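Below you'll find the structure, written out as structure tokens, and then a few comments.
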Amino acid sequence: RFIACPQLARTVQRCLQSGTGPQPVLLEFAPGPGVLTRTLLNAGVKVVALESNSGFLPNLQSLENSLDGQLKVIYGDFFRLDPLAPGTLKPPALCSDKLFETMGVAAVPWMADVPVKVFGILPQKNERNMLWRLLFALYECNSIYKYGRVELNLFISEKEYKVLTAKPGEPRAYQALTVLWQLGCEIQLLHMEPWSSFVTNLKNGGLWIPKSVFLPNEHLCLVRLTPQQNLFTGGLKPTNGTTFIFMVKQCLAKPKSRLTDRLHSWSLDDAGKLLRQLEIPRKAQARDLYPEDYKHLFEALQNSNLFIETWFHDEALDSIRNIN
């Protein structure tokens, strides 16, 4: 959460506003004491505050009551949207359909403009897990992405930002997460802020900075993730998005392995011919391919008579259950 730092709040406010036309609704999760919320409201932004800590709700609701519809406060947890657990949802768990209905936002076509901007700080404890969960929702057009190309503006650790923006061949940084986010979204770095501008939940009041041996991690990075309008052109569709995710995950599980070895493990006999058609060197390693290469490979496999989806089914179900 933010320390009561108006200067940082104003910096974030400038980053979140774009253009001179009407601004989309801004969904701010975990606003806490409302430092940024007040700055956004003073700038004329319409804000929906999604707060899971009941201790912060009275002050936020008091602020809501003092305004004429510019602020809407909802008790809920952004990180517990649409859980797979059966039965009635117990607050602060929340259904995205209910959330968007309360916000007054209707679904728009994928090619339309951004309907909602989301802002918040990813908790460091499960940051990687949350990034994966958002990816599944993106490629399946589920949860918040049922409503269109929802834009995320997230403070994430510098080490995860380096992963998201890595280039092919970079040791350790270039991962399945890299490929899927780069293909799925335009990634913009809006701001870098030292860890000292944020408080943590440690009882002694100290800063908890996740250790990173191989990647720099001295800042939190405000990153904008805007879904690509052309994501679902060609053979990639929301109906096979999960298949694509697990194809990429299996390829990059061993980044130094040759792509031909992975294709042979899927019983694809003429892997060399397929790679020649895609203009991919026969000796190419999994970490050598650009995100677009993986999409082209997936589309080629989709068009082959041999390709079936059962090879990943059990792993996919187990991973989705764990993420949720």
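Backbone N, Cα and C define each Cβ position, glycine as well.
Source: prediction; values computed, not measured.
Annotation source TrEMBL lists S-adenosyl-L-methionine binding site at Ile3, Glu51, Asp77. What TrEMBL records for 11-206 is domain 'Ribosomal RNA adenine methylase transferase N-terminal'.
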Greatest C-beta neighbour count within 10 angstroms, which of the binding-site residues Glu51, Asp77: Glu51
Across the domain 'Ribosomal RNA adenine methylase transferase N-terminal' (11-206), average pLDDT on the 0 to 100 scale: 91
